[in-house]
Amino acid sequence: MEKAAGGPAVGGSYPQKNAEILSSQYGINLFLAGLLLTFAWAVHAVGISKSHLLSYLITLMLIQLLWMLWYLCRSCTQRRLIRDKDTHAGARWLKCGITLFAVITLILDSFKIGYYIDFSNCLSPTEGIFPVTHAIHTILQVYFLWCHAKDVIQSFKTLERFGVIHSVFTNLLLWTNGVLTESKHQLNEHKERLITLGFGNITIVLDDHAPQCNCTTTTLCSIFSQGIYYLYPFNIEYHILASTMLYVLWKNIGRKVEHHQQNKTPFKFHGITVGMIFGLIVLTSTIAIVVVYLIQIGGSKIKSELALTMFYLHAIFVLALMCTAGIVALLIYRLEDRSLDNSKNPARKLDAELLVGTAAGSWLLSWGSILAIICAQAHPKYTWYNLPYSVLVIVEKYIQNLFIIESIHREQEKVNDDIKTLRIVTVSRGSTLSLTPLYKEIYNGRATHDTREVPCLFKGSICGREDDGAGVAKEETSQDENLVMHSASDFSFYSRNSDTNNKRRILKNIAAFLFLCNLSLWIPPAFGCRPEYDNGLEEIVFGFEPWIIVVNLAMPFSIFYRMHSAASLFEVNCKT
């Protein structure tokens with residue numbers, strides 16, 4: 001194993017590049033093998049059972065546990081050494097989010113353990129071992145990410161690359177297993193809703209892999225079996241977040257970090273009142289729509305159609321506002337002459353890739369809905385609202401991605417050096433010279449204008465002179481000429497500063513508004529308001545089970561996109 005030392009050799013980068021390629025190929029093959037095993041279990045392939053799939057996943061988790069324990073022990077022995085850190089990786093919001101989802105995942109594991117105990121007579125021992133192993137894996141992984149997500153590994157780099165990439169694809173396989181299990185559960189639940197809407201011609205073969213024996217305690221079995229599927233969305237989000245954090249850690253291995261002080265930009269409510277008010281209105285109305293939707297859907301055909309129509313009209317209005325806000329922000333950027341920060345930053349690069357990658361989930365669903373509307377023979381009235389909704393989902397994400405990606409790559413505004421070094425003086429009526437308010441106050445447009453003091457701004461020349469000894473007497477006529485000469489430049493400076501502040505204020509309000517809108521659009525799918533399941537048109541065109549699987553594969557990306565966008569917009573608001 002190579003140890004980090006001094007400067008790298010002439011050909012030192014080649015072994016590291018090879019290690020990166022080899023480890024990535026190892027991870028991909030690990031994932032593909034598990035993916036095919038999952039698919040074989042889902043279609044009841046000959047000789048493949050659920051115990052084989054769970055055994056594979058347990059083995060992967062145990063290997064990751066051994067690697068994390070080794071890494072933690074080695075870190076404890078070297079804790080006095082100064083380690084490189086990537087200050088952009090492992091943001092606090094990401095750690096808090098993954099902790100919340102991990103806690104709910106532990107509740108899910110406890111339900112699975114209880115479910116296994118009740119059906120222990122006819123279930124494989126692996127179904128009891130799996131949730132126990134997964135709970136231990138979850139606790140240790142969250143602790144590992146809290147303590148070491150920012151690490152830039154410089155020793156045992158080849159071994160660490162394989163260990164980290166193994167962890168990335170282990171979490172992706174656990175995510176895949178959760179998505180498939182939840183999609184199978186949706187086959188029964190949403191068929192009843194579609195029958196209520198009048199789609200009685202949908203025929204599918206139900207397959208929930210139910211155990212072939214009676215439960216020892218009926219009440220507990222019902223609680224466990226139903227509760228498990230309500231908790232799966234949080235488990236899915238947990239593994240996606242873990243995969244992204246571990247991937248950044250993998251990309252940072254062997255990286256040279258520039259040691260500089262990171263400027264922390266605190267969040268301030270000042271100046272974003274308009275954006276916050278409109279955003280809170282959208283958030284409040286969305287919560288009300290979700291409550292009404294969940295109450296009405298599935299009650300009767302008329303109530304279900306009204307619920308779907310109400311959801312689509314509200315979503316169309318919100319998405320149209322978000323598109324307008326995004327276009328205004330992009331136009332403001334076009335009017336500014338600001339350079340982009342192209343320095344190497346794995347966390348920022350991943351942020352941009354995740355925005356586009358996870359948006360593809362919503363785009364897939366939207367194009368599916370558009371094709372279904374075009375190809376379907378019968379069109380209930382409410383399905384026509386689905387067309388503008390699907391188009392706006394595509395356009396809104398396109399515009400918002402452009403705005404966020406450009407915002408996180410824009411360099412923070414720097415003050416002109418001529419203005420920084422300016423010595424500002426004022427000429428008072430008493431022919432004496434005194435310093436004006438601080439430069440920071442004038443630059444921010446907050447200088448107090450007194451009738452006896454007028455600031456004198458200049459560029460590259462001296463406006464007033466200070467005498468080390470006694471004050472230099474000046475005639476009244478000379479003072480008046482100086483004031484008139486510089487009044488035009490003063491006005492020009494304040495005008496430019498005012499325009500800049502107005503643009504910044506507009507951008508901050510747009511970022512705040514989009515932040516709350518993304519939180520609002522995260523709520524419906526996260527809490528079961530999913531019209532992609534309930535309108536029934538896509539199931540007619542594509543088939544019930546295939547569409548349910550597509551939705552369950554794409555929906556986690558869509559939910560994660562809204563969370564990730566909200567966090568990115570929060571950062572944009574702080575930097576603007």
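Placement of Cβ uses the backbone N, Cα and C atoms for every residue, glycine included.
As recorded in TrEMBL, the features of this protein are as follows:
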| type | residues | note |
| --- | --- | --- |
| TRANSMEM | 26-47 | transmembrane segment |
| TRANSMEM | 53-72 | transmembrane segment |
| TRANSMEM | 93-117 | transmembrane segment |
| TRANSMEM | 129-146 | transmembrane segment |
| TRANSMEM | 229-250 | transmembrane segment |
| TRANSMEM | 271-295 | transmembrane segment |
| TRANSMEM | 311-333 | transmembrane segment |
| TRANSMEM | 354-379 | transmembrane segment |
| TRANSMEM | 506-528 | transmembrane segment |
| TRANSMEM | 540-561 | transmembrane segment |
Non-local residues, at least 6 beyond the ends, that sit with Cβ under 8 Å of the transmembrane segment (354-379): 244, 386-387, 389-391, 393-394, 397-398, 401, 404-405, 532, 537-538, 540-542, 547, 550-551, 553-558, 560-561, 564-565, 568
Distal contacts, the transmembrane segment (311-333) - CB-CB under 8 A, six or more residues away: 278, 282, 285-286, 289, 293, 382, 385-386, 388-389, 392-393, 395-396, 399-400, 402-403, 406, 410, 503, 506-507, 510-511, 513-514, 517, 520-521, 524, 529, 531
Intrachain neighbours beyond the transmembrane segment (93-117), with Cβ under 8 angstroms and 6 or more residues off its ends: 123, 127-128, 130-132, 134-135, 138-139, 141-142, 145-146, 149, 216, 220-221, 223-225, 227-228, 231-232, 234-235, 237-238, 241-242, 244-245, 563, 567, 570
Chain residues outside the transmembrane segment (271-295) and at least six past its termini with a C-beta under 8 angstroms from it: 307, 310-311, 314, 318, 321, 505, 508-517, 519-521, 523-524, 527-529, 573
For the transmembrane segment (229-250), distant same-chain residues with Cβ under 8 A (at least six beyond the ends): 23, 86, 89-90, 94, 97-98, 101-102, 104-105, 107-108, 111, 138, 141, 145, 148-149, 151, 153, 161, 164-165, 167-168, 171-172, 174-175, 178-179, 181-182, 185, 346-347, 350, 354, 526, 556, 559-560, 563
